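Enquirer: Let me begin by handing over the structure; questions about it come next.
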Amino acid sequence: MTRTILLAIVSLLLVVAVVRQPDATFQASLQGLTLWWTIIFPGIMPFLVLAEMMAIFGVTALLGSLLEPLMRLLFRLPGSAAIAIAAGWSGGYAAGSDAAAALRRKGIVTKQEGQWLLAVAHMPNPLLMLIVVGAGFLKQPALGIAVAIAVWASLPFLSVAGAILSALRSSSDDDDCSSQYANNNFESNSKPQQSRAGWLAHAAAAMREARALDGRSFGKALGDATLSAVNKLMAIGGIVILSAVLVRLLTPLWQLVTAHLPFPDWLLPAFMESHIGAYAAAIWPAPDANAAWTVAAVAAALAWSGLGSIIQVGAAIAGTDLKLWPFIGARLLHACCAGVFGLLLQRPVQSMLATATDYGAIPTMAGTTTNGAVRLADLPSLWHYVPLSLAGFLLLLAFGALLSLTMRRYSLIRR
């Protein structure tokens with residue numbers, strides 16, 4: 001009852017604010033729509049469709065069997081979790097969280113594994129960091145590379161924290177809840193007497209079994225996957241537009257806060273929406289004009305991912321037993337670690353890339369940034385990079401499968 005009343009009050013206040021500031025609301029809505037269409041839609045759409053198609057045709061089961069040794073070693077997760085991690089690391093936030101929730105919904109991962117997978121797979125799109133942030137917002141691709149390294153390099157610390165929490169938590173109930181598929185897959189891949197050919201045969205059998213259980217034709221599967229992806233993206237678009245409107249409407253109040261308290265201007269946009277927050281951090285007048293502070297702020301904003309993205313995760317895990325608060329804690333920890341790494345890595349990374357910049361391998365973009373809302377001219381479209389994203393996704397899976405095969409062969413030789 002209290003929650004319903006609170007939501008009603010907030011909705012009423014939002015309507016009043018929109019009526020009082022129609023021009024600002026329209027501009028913010030246009031900004032959110034542009035973000036969604038030029039960056040989010042092309043960055044996520046292919047991965048939502050491809051992940052669904054791979055599950056329908058049994059490729060997820062095949063890769064789950066092949067990647068089991070590597071995933072257990074690196075992430076303490078079953079092999080099928082590689083799809084979610086690859087989708088999240090290649091396509092961005094929503095692609096990873098949606099795939100992780102789907103694996104838990106099907107019982108392929110346990111509750112504890114699903115919670116951990118949700119945190120690990122929720123990463124910003126690499127093209128967002130390198131192209132949109134580096135070349136578009138910061139006007140220096142080298143700084144975009146520094147941001148990406150800070151976000152990725154801080155992930156092992158999140159893994160260490162997750163391992164410590166798992167050790168402290170009593171997980172006997174969760175371990176017993178592991179799906180029959182995950183347990184059988186791990187046990188069959190752990191048999192000492194199993195040959196390499198038998199392992200590959202088991203992977204092929206898992207693919208055939210998963211395909212037989214679904215049974216949809218290619219046309220039906222493609223239509224269902226596309227429709228599901230579009231529906232999810234429409235919901236994401238609404239959340240992004242609403243977040244942009246809230247940032248614009250709350251900015252005057254936030255300016256009053258920052259006038260009396262030592263909070264940076266980019267904190268509110270970053271808290272609400274990662275793309276707007278990254279832009280605000282990019283144009284933030286850093287102390288002593290030090291680019292390291294800018295890199296740290298942008299990296300922290302992207303690692304946090306924004307309240308809008310967290311709401312998207314909440315929608316993705318609806319109907320499962322996955323919880324949102326542990327995920328929020330993981331995002332806060334990742335944001336802090338990414339900010340620290342941004343401060344530490346910016347100078348050496350930029351020094352290493354200076355030679356490449358001098359030779360023209362990494363160009364410095366013309367133009368300067370000015371304070372204000374996200375400008376359409378500062379938003380490079382990701383539509384042209386969709387094939388590159390898909391290639392990166394497939395190469396990541398192929399490289400993981402190759403490593404797993406190498407590990408399996410080495411273990412057989414030792415036996």
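If you go along the chain as it appears here, the first residue is 1 and each next one adds 1.
A Cβ is built for glycine as well, from the same backbone N, Cα and C atoms used for every other residue.
Those TrEMBL annotations? Automatic predictions, nothing curated.
Residues annotated as domain 'Nucleoside transporter/FeoB GTPase Gate' in TrEMBL: 39-138. Residues or ranges marked as transmembrane segment in TrEMBL: 36-63, 75-96, 116-138, 145-168, 233-254, 292-317, 324-345, 382-405.
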Enquirer: What stretch, picked from 36-63, 75-96, 116-138, 382-405, has the most CB pairs under 8 A with the transmembrane segment (233-254)?
Expert: 36-63
Enquirer: For the transmembrane segment (36-63), I need the partner stretch with the highest count of C-beta pairs below 8 angstroms, choosing only from 75-96, 116-138, 292-317, 324-345.
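Expert: Comparing 75-96, 116-138, 292-317, 324-345 against the transmembrane segment (36-63), the winner is 75-96.
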Enquirer: Six or more residues out from either end of the transmembrane segment (116-138), which same-chain residues have a Cβ under 8 Å from its Cβ atoms?
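Expert: Residues 39, 43-44, 75-77, 81, 84-85, 87-93, 96-97, 99-101, 103-104, 109, 144-145, 147-148, 151-152, 155, 158-159, 162, 166, 274-275, 278-279, 282-283, 294, 298, 302-303, 305, 309, 313, 317, 322, 326-327, 330-331, 334, 365, 369, 378-380, 382, 385, 388-389, 392.
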Enquirer: Give the one range among 75-96, 292-317, 324-345 whose Cβ atoms make the most pairs under 8 Å with those of the transmembrane segment (382-405).
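Expert: So the stretch in question is 75-96.
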Enquirer: List, by number or range, the same-chain residues at least 6 past the transmembrane segment (324-345) whose CB is under 8 A from its CB atoms?
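Expert: Answer is 115, 118-119, 122, 146-147, 149-151, 153-155, 157-158, 161-162, 292-293, 295-305, 310, 313-314, 317.
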Enquirer: Residue list, the transmembrane segment (292-317) vs rest of chain: Cβ under 8 Å, 6 or more residues beyond ends.
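Expert: The answer is 93-94, 97-98, 100-101, 104, 118, 122, 124, 128-129, 133, 137-138, 143, 146-147, 150-151, 154, 232, 235-236, 239-240, 242-243, 264, 266, 269-278, 280-282, 284, 286, 324, 327-328, 331-332, 334-343, 345-347.
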